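As recorded in Swiss-Prot:
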type: BINDING; residues: Cys46, His68, Cys164; note: Zn(2+) 1 binding site
type: BINDING; residues: Gly47, His51, Ile189, 191-192, 211-212, Lys216, Cys251, Ser253, Ser256, Ile276, Ser300, Ile302, Arg349; note: NADP(+) binding site
type: BINDING; residues: Cys100, Cys103, Cys106, Cys114; note: Zn(2+) 2 binding site
type: MOD_RES; residues: Ser316; note: phosphoserine
Amino acid sequence: MLYPEKFQGIGISNAKDWKHPKLVSFDPKPFGDHDVDVEIEACGICGSDFHIAVGNWGPVPENQILGHEIIGRVVKVGSKCHTGVKIGDRVGVGAQALACFECERCKSDNEQYCTNDHVLTMWTPYKDGYISQGGFASHVRLHEHFAIQIPENIPSPLAAPLLCGGITVFSPLLRNGCGPGKRVGIVGIGGIGHMGILLAKAMGAEVYAFSRGHSKREDSMKLGADHYIAMLEDKGWTEQYSNALDLLVVCSSSLSKVNFDSIVKIMKIGGSIVSIAAPEVNEKLVLKPLGLMGVSISSSAIGSRKEIEQLLKLVSEKNVKIWVEKLPISEEGVSHAFTRMESGDVKYRFTLVDYDKKFHK
């Protein structure tokens, strides 16, 4: 199959002009023996795309292509690829594009925590200085390990958000024993939190949804939550649900705004609070000494290839349907999505589609 020497994408010129992305051509990174090229057909828009675009996490390189929840078809395979990936496969690509594959973390299926050669799918330099370019583009080039086959019964627009948002909440659920007989809380019912409810329920847990007010109650119950707590409006909820939860996953955009003095009261002894929040880079978390007696708190980031495969298997077998709004890939489409994300007007994930009309005519 033919493919272009240069790729095209919708780029952000700088953080001050994030509402006006432009169509640009760019050189892909040099093709490696273990690389694949993927012709993109859909890409989810994650909150981290917005954080980067507006400069919350640091400087934005000129004409940066964002997007890291990618679905597409493999069009080129490196000479030393060994995962079984082949031309024509429909694959998903998440937030990671490279790891060292040699350290203890990589060898124990924790490559997402590799500190030796960790490259994100976008906005991250390779060792040669090339800045990775993401999925708001015609193609993406990356290591085969991070191109994962998608089950046939998961439509591309619904599969895309699983590759970052979905795996980010699934990994702590999986690692902390979410399943039948467990009581699991999800704090923050946004894009990731709504997937947390769906996935925890699909895994067999009793699910508690937590939000600040009552505006998310109806949606949370439709998603499958068994209980709903409006933390700023309901009275006496810490007493009502005392010692209730085995696991609480914090999906809100800010961890520092979580009231741990209240949250710890509803945790079982030995329970776990796991944060997957991705706040602004300067945010600080302050905890009272010994304020979490008998309860552990930790953080989690994305997930391994093995965990993504387990997630896709669960979604396929349980026919989990995340709530997605489709938008056309274009300068206007990306700007529209970011503008609505700024105001919180998303129910509950955006996926960019119509790549064939924009790039593959």
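Every residue gets a Cβ built from N, Cα and C, even glycine.
Here Arg212 (NADP(+) binding site) comes close to Ala230, Met231, Leu232, Glu233: these same-chain residues lie at least six apart in sequence, with C-beta atoms under 8 angstroms from its C-beta. The Cβ of Cys114 has fewer other Cβ atoms within 10 Å than any other of the binding-site residues Cys114, Ile192, Cys251. Here the Cα atom of Ile192 (NADP(+) binding site) is found 9 Å from that of Cys46 (Zn(2+) 1 binding site). With respect to their backbone Cα atoms, Cys114 (Zn(2+) 2 binding site) and Ser300 (NADP(+) binding site) stand 13 Å from each other. Comparing Cα positions, Ser300 (NADP(+) binding site) lies closest to Cys164 out of the recorded positions His68, Cys100, Cys103, Cys164, Ser316. Cys103 (Zn(2+) 2 binding site) and Ser256 (NADP(+) binding site) have their C-alpha atoms 32 Å apart, to the nearest angstrom. When Cβ neighbours within 10 Å are tallied across all protein chains shown, the highest count among the binding-site residues Cys46, Cys103, Cys106, Ile189 belongs to Cys46.
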